[in-house]
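Working notes, beginning with the structure itself.
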Amino acid sequence: MSALTLFSVTDPQTPVWHSTDAKAIQAQLNAKGVRFERWQADRDLGANPSPETVIAAYQHAIDKLVAEKGYQSWDVISLRADNPQKEALREKFLNEHTHGEDEVRFFVEGAGLFCLHIGDEVFQVLCEKNDLISVPAHTPHWFDMGSEPNFTAIRIFDNPEGWIAQFTGDDIASAYPRLA
């Protein structure tokens, strides 16, 4: 179940607000300029689908976003617990960073935790299958896939080069709860 937990940057262990209600999550995030919607990830992808299979199954969703915002490229990130690079990838994504473009993800399988550092607050958004999130350009954030990752998400970009991060050097992420 999708969830949003809100923290103050002054107390990273005590939640200020928490909800699993999609409308409440959407309202909180929309107020900060973050798009959050529940879409339908209802296509049968089979076991370990190829990126091409995922793209073909959800081309209609990609086309909708391209028509709305003019995105130029997309790909699929899919990580499982047996991935030999899971620890290195987790550490990379756990470092606070920004992008020069919106970070758009549509989760079609599994879950991951987006943590958004907005002003003096941290919004931990547990995204699961059916969730679309768009983090605005230049928003400091990090992503936790957990120690045993299990997710597939379509990534959509303004930049044809794909995922390009500017790391902030702030170790704020280490103070907040992580996925198991």
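In case you wondered, yes, glycine gets a Cβ from its N, Cα and C as well.
Residues HIS97, HIS99, GLU103 are given by Swiss-Prot as Ni(2+) binders; from HIS18, HIS141, that same site also lists HIS141.
If you take the C-beta of GLU96 (site 'May play a role in metal incorporation in vivo') and look for same-chain residues 6 or more apart in sequence within under 8 angstroms, you find HIS117, PRO140, HIS141, TRP142, PHE167, THR168, GLY169, ASP170, ASP171, ILE172, ALA173. For GLU103 (Ni(2+) binding site), the same-chain residues that are 6 or more apart in sequence and have a Cβ closer than 8 Å to its Cβ are ILE133, SER134, VAL135, THR139, HIS141, ARG155. Within 8 Å of the centroid defined by the CB atoms of HIS97, HIS99, GLU103, HIS141, the record's Fe(2+) site, lie the Cβ atoms of THR98, VAL135, THR139, PRO140, PHE143, ALA165, excluding the listed residues themselves.
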